[in-house]
């Protein structure tokens, strides 16, 4: 009886071992994804892949199905070839944004990079690149307008009265306070670099030239004894002889206003005076240049002496001629014709 029981136990063990060997021989290994393909989440949860079992594949992230079947089957301990063909996803053109431009020279397929730039007068805020991912374009960016610092000019004013900073292409005008002059352009523009073009001007204090002390000068341009006539007569038929004096000219005689009268008669003297004065500024408290006054007095005295000498010379010459030729009073000088001649 015991021998029979042992035999049954051995048969059961052999049958169980046979079944285990048969089952092990009919299973396929865990499948792996192919070219840009992966197992679905449902297939990944399975641990045993017996004969004729089917699993599902799908395209990898960033790829989409182009053609072929998603299924593979375990046959004779091997998986059938995958027929699924996947291609890169195309993100298309990035969504437009105000004042923004995109450089898509690398394309718009999955993994491509696009450079982001802004129009003139705007600057990028955020990432300067976008990348095509499975869910679309990554990276956040926007273009904001360029601003300049608030204008300021010491000792002057500007036309900018807003509390905000000036923006690109805004124009600023400058003026200076009284007593100051503007150096530079009175109008500037906020340019695309955030600077003013041209540079901001400055207000400089007006510099006044120091007062200069000028001494008044008076110059005699011509001092002439004009047509001093002396007439002599020898007899009633003699023609009168007229003598003219020479001209005496002096110059650079300051502060001369009048000439002294030297003699009375038909001979007269006259001077043509011209006075020039560059400036009377700098005459402080009535100060007078004594050196200039001394020169003036000396020049006047010399001119008077020369003129007096000439007149005396003519007088002596006249006396000498009278003595040589003799003279007598014929009373003819009272005749109307001679009186008219003498009055010339």
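Using N, Cα and C of the backbone, Cβ positions are placed for all residues, glycine too.
Transmembrane segment is the annotation TrEMBL gives to one range among 297-317, 318-338, and that range is 297-317.
Put simply, residue 203 (disulfide bond) is 72 Å from residue 86 (disulfide bond) when counted between their Cα atoms. Break the domain 'Sushi' (26-88) down by DSSP state and the numbers are 5 helix, 25 strand, 33 coil. Here the domain 'Sushi' (146-205) has, by DSSP, the following mix of helix, strand and coil residues: 0 helix, 25 strand, 35 coil. As a whole-number mean, the pLDDT of the domain 'Sushi' (146-205) in this prediction is 96.
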